[in-house]
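Asker: Take a look at this one; I'll ask things after.
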Amino acid sequence: MHGRLANRFRLLHTTSSRLLPNETSHNPRSKKLQRNPKPSHQLKISKKNQSYFIRDDEVVKLNMAISDHMRNGQLESALRIFDGMPRRTSVSWNAMISGYLNNDKFDLARSLFDKMPKRDLVSWNVMLSGYVRNRKLSLARSLFDEMPQRDVVSWNTMLSSYAQNGYVNEAREIFDQMPNKNSISWNGILAAYIQNGRIESAYKLFESKSDWETVSWNSMMAGFLRRKRLIDARRLFDRMPERDQVSWNTMISGYAQNGELLEAQKLFEDSPIRDVFTWTAMVSGYVQNGMLTEARRIFDEMPEKNSVSWNAMIGGYSQCRKMDMARELFEAMPCRNISSWNTMITGYAQNGEVDRARSLFDEMPRRDSISWAAIIAGYAQSGRSEEALNLFIEMKRDGERMNRSTFTCALSTCADIAALEFGKQVHGRLVKAGYEMGCYVGNALLAMYCKCGSIEEAYDVFEGMTEKDVVSWNTMIAGYARHGFGKEALKVFEAMKMKGIKPDDVTMVGVLSACSHAGLVDKGTEYFHSMDKEYGLKAKVQHYTCMIDLMGRAGRLEDAESLMRNMPFEPDAATWGALLGASRIHGNAKLGEEAAEKIFEMEPDNSGMYVLLSNLYASSGRWSDVGKMRVIMRDRGVKKFPGYSWIEVQNKVHTFSVGDSVHPDKDRIYAFLEDVDLLLKKEGFVSVTKMVLHDVEEEEKEHMLKYHSEKLAVAFGILTVPPGRPIRVIKNLRVCEDCHNAIKHISKIMGRLIILRDSNRFHHFSGGSCSCGDYW
């Protein structure tokens, strides 16, 4: 029917030059038409000797056709009907605008709104809701202020937009200005306070009015329960003039989720009607408190189960790593929904069974953003970062809208493998999606730039964040510290205190680490002693480890050892490791051996510590001891992790191992390194052959050092990354002393900024020097 109407009006449109609702034809029959006019609900179109009438009911049908097409995502079909209409009402325009907005075509909706010959109140409200849905709050407010008239819908739309985005004061301002308020208005401002944690303001508002609906009582009660104020919630429950099933379920669920299962059970038994939600609240309560046997008993007794009941029980088994039982329930479930699949995928992923998670993911009849986030997180947490990013790209192709969790997971994955270019693309999509740079997303973005070696862009993000919490400040301080910019880290710390943000344990680890990396011994000591006095923080083992590292690096080994022996708790492997590292730097074999023995007792499989001690022996020429260490490692089954370095070029990660023979550009890379070697020798560079843990000739040692993985990655970067752009390389182990010295010279010879992230810190090589000041 709609298609026939559309064709009829399209034909009419092409044979009529324009609408003439009040104009008569020059045809002699026109006088008869004037004497016997048609009813007012018809419209006459005149062209030469032809006359047409369009009834209002046909326009209505056509408007319905537009809405139907828009609802089904058939935007072009809707537009063809709209363009073919010889007469349009405001409903026609509103149907098109609303349809575009519902299909995320904001620009098309705005363009049509601007062209609309006469806007009614519905048009303004539809456009306003579109701005709100697209999180364009400032534009929504501008449109709201322009509106020639507003009704309670307009006011409530603006109020809810502020409330849902956390702008409670602005929401209250709108509420106070409203000429007429309905129950939606009152519930909206109450919900704004509750959802944003301003429970006292919510309760004050609640007590100012006596005729609240039951839904408002339930909302207030739920607010108290979310804040774990069970007594206040119960008082409200007892005061309620009328309770519905939601009231009982809310209170039962509140008790259960907070571990008050006896109280929950009492209310459960007193409840006048137990529906599926009442039973599910008890199942969920037992699950959340790890009482799976009790949860399963209630689950089995349920007279009726819905998908939430099944998912709660499946989720309980998943959280307790009982995936076989979870899978058994999943297979028996008669009412699977997308959440059921997501629960199983998340369970497998969190239990490290990523391949089984992927198998389920591929079988899903339908996916949502949570499905994608779960499987991407699974790959990322299992160290399969490239596969995680490939899935992110696939998600983009699939057209799935990304949520905060997906963005955060993608940014975290980029940070793990230092995929800066990919991270920047995620950042761009994040901005395009309209997400504010608040704490949740902002912190992930900040960490990504810090870990990818772009500290300047990290600071730009930090400055642009609309909200900063203690994690934001800590991330920026730790970022500067790890990059070797100790003074900048301390400036951020001082700014943090000026803003009234109280430092925590993590803050002080970052501050002391910054002092350690920058060699600021006196400053670090001052901060260490001020922790308790100024911030009420008791120094923990991590803080002592930072101080031992700080003193050890500065050559004050006796002070470092004394501090460790006077700690109020036993030193851990990391503390002894700091002492071993300092012993290696300053060649104190005796202290190094003592530290290593302690570490081997605590962590017999820590290959890095065996290598550190071997380096210490090798630098002292104690080759027999180096050989003994190799035998000990073999006998204890300790495997040395092979060194890898990687670099991202044009969204592809290139990985290198020592003496790499599989990279497609290996011939070009090796030829380049031979040329560089000649230039290095002209500069007076001498290889640090003591780093080779084999007692062989010096020439052979030099050859072995020449093709370390970090040198191969740097060479490839110079050959492929355009001049003027930094070369960013990541290594899974600490950079060796020879490579460190060589890359310093290469940065000067080639005139390039080379940023290397090893397992301990960042090194910014430029003009022949390093940001670590050779202090790493």
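Numbers run from 1 along the shown chain.
Glycine residues also receive a Cβ, built from the backbone N, Cα and C atoms like all the rest.
Note: TrEMBL annotation is automatic and uncurated.
According to TrEMBL, the compositional bias 'Polar residues' annotation covers 16-27. What TrEMBL lists as domain 'DYW' is 684-776. The region 'Disordered' annotation in TrEMBL covers 16-42. The repeat 'PPR' annotation in TrEMBL covers 89-123, 151-185, 213-247, 275-309, 337-371, 438-468, 469-503.
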Asker: Just give the helix, strand and coil counts over the repeat 'PPR' (89-123), going by DSSP.
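Answerer: So the counts come to 26 helix, 0 strand, 9 coil.
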Asker: What residues in the same chain, six or more past the boundaries of the repeat 'PPR' (275-309), come closer than 8 Å to it by Cβ-Cβ distance?
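Answerer: Those are 245, 248-249, 252-253, 255-257, 259, 261, 264-265, 268, 315-317, 319-320, 322, 333, 335-337, 339-340, in sequence order.
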Asker: If you run through the repeat 'PPR' (438-468) with DSSP, how many residues end up as helix, strand and coil?
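Answerer: Looking at the repeat 'PPR' (438-468) with DSSP, the answer is 23 helix, 0 strand, 8 coil.
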Asker: Which whole number is the mean pLDDT over the repeat 'PPR' (337-371)?
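Answerer: Mean pLDDT across the repeat 'PPR' (337-371) comes out at 90.
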